[in-house]
Amino acid sequence: MSVYFVDLPERVGFWDTALSYSRKVAGKYLLRQIITLTLTIWAALGLFFGANFKTTDYLHNIHIGVYNMDGGDIGGMLSSGILDAMKLQGKETFELVSIDRFNNVDEIAEDIRKNGWGGIVIGANLTDSIRNALENGTPFDTTNKLYAMYSEGRQPIVRNAKDIINNGGSPHTGVALSPIQPKIMNVAPFSFPAAPLFPIIGFIVLYLFLMIPSVVFRSLTYPVSMQVSFPTLFIWKFTILFAWNFFVALFGALAFFAFKGPNYEVLDYGLPFTAGRWFAVFGIFLGLTTSTILFFNAGIAILPVDLLGTLSLLFVLSNVASSLVDVSIAPPFYKWLEVLPFHLAGNLIRYVISGAHPRLGRDIGIFLGEVAFWFVAWILIEYVRYLWVNSGKQDASGWFYGYFLYMGPGYPRGVTRELTEENEEQEPPVAESTKSPYASPQSEPAQSEKGMERPSNETLSPKSYTTKKSTGTLMTDK
């Protein structure tokens, strides 16, 4: 194998005229990056904070049911007082719900768990109990007379139901309710310690574990792309990415149950853990990581390197916003957050752990549709990149031909590039390993010709390529 010796150029200052070309190119690039990153930050933060902005203006989309199982005068007065008081506050929508289809309090709690946010239940025989106590001196039993129910597993709601019931919203209602202690019922517990942080920390950590290896893996597969067919490359890359994706999803599911704490059988911490629930959570994580890794790999294959930060920031902040803010109380523009993978995964996991608000057909259908879409898109984009790589339009780092950071086509080990006889006459050859992408054409150092030998064209069929400055051939070292 030939050995190349290169004389290092004389060192110059930053403001030397020899570096004027480099300063000009780098300055344009930095200016473009400042503009791009500024717009990206504005868009991403505007997207995130916009979803949280003025959510109190849309609290009327949260419906709290008032269930009057008493049927008497006092029950009617209480329900009317609560409805009138909440109308004046202008926040959540309290509405009177017909009890014709409910036989007991447990059926109401089940309906709230599946379809509602919360409810206030006025127990049966409340009027009769109060009248007997006032007229006959019968002891008044306050148990099972008033309930405040909420579904924590759907999304956190306003926790002032107890205060609403105790105060009654009006003087007359407050006097009637003063001896009654409501029973607070969480119909879908989801209050383990890490629950508020789960959407933020869990999803972002998973994304980082998927993003960083994907960027590195793109460069590692570059030489292979120039030596194998596309089906072989795709099968090889799909196998490695799916194995890594499976690994990340497995540890994500294990970490979720570890965060939940040791109190697996306590009702306040959600439903008891079973093998079926663990595999359900693992399947949700696998769907989340699969859709994410397909989306990101499709993006990094077709976008310039300096736009990967834009892609990541917009993707992460929009998904985190979708999992932190319920779309019901977000501005109408943000209804599209319902189809993002973080939002769907959060809904499914809350259902598995708490049983709240089941929308399995809808959420799983959208989830699988996104995975299928990004899988097809990833195949097509990977094929386009395969063509770009083999035609020299994209280098190993992902820079495109014509960009000042473009390093030229990459070659397998043992293959080097030599200039043609015509270019050798025009300028001395320069070692590729010492060329700087910032160097101007006038400041390129000369390379020693010692040890450089040209093999005959009979031993190797050269592959020609074209650059801005010269036309070269691929030749192996002797």
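Glycine is treated like the rest: Cβ placed from N, Cα and C.
Automatic prediction, not curation, is the source of TrEMBL annotations.
What TrEMBL annotates here:
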{"type": "COMPBIAS", "residues": "433-446", "note": "compositional bias 'Polar residues'"}
{"type": "COMPBIAS", "residues": "457-478", "note": "compositional bias 'Polar residues'"}
{"type": "DOMAIN", "residues": "34-158", "note": "domain 'DUF3533'"}
{"type": "DOMAIN", "residues": "172-371", "note": "domain 'DUF3533'"}
{"type": "REGION", "residues": "419-478", "note": "region 'Disordered'"}
{"type": "TRANSMEM", "residues": "29-51", "note": "transmembrane segment"}
{"type": "TRANSMEM", "residues": "197-217", "note": "transmembrane segment"}
{"type": "TRANSMEM", "residues": "238-259", "note": "transmembrane segment"}
{"type": "TRANSMEM", "residues": "279-303", "note": "transmembrane segment"}
{"type": "TRANSMEM", "residues": "310-334", "note": "transmembrane segment"}
{"type": "TRANSMEM", "residues": "364-384", "note": "transmembrane segment"}
- Message: What does the DSSP secondary structure composition of the domain 'DUF3533' (34-158) look like, as residue counts for helix, strand and coil?
- Response: 64 helix, 21 strand, 40 coil
- Item | Contacting positions for the transmembrane segment (29-51) when only residues 6+ beyond its ends and CB under 8 Å are counted | 306-307, 309-310, 313-314, 317-318, 320-322, 325, 330-331, 333-334, 337, 404-405
- Reported mean pLDDT - the domain 'DUF3533' (34-158): 81
- Task: Take the transmembrane segment (310-334) and find every residue of the same chain, 6 or more past its ends, with a Cβ under 8 Å from one of its Cβ atoms.
- Result: 36-37, 40-41, 43-45, 47-48, 50-55, 58-59, 61-62, 154-155, 199-200, 203-204, 207, 211, 295-296, 299-300, 303, 340-343, 345-346
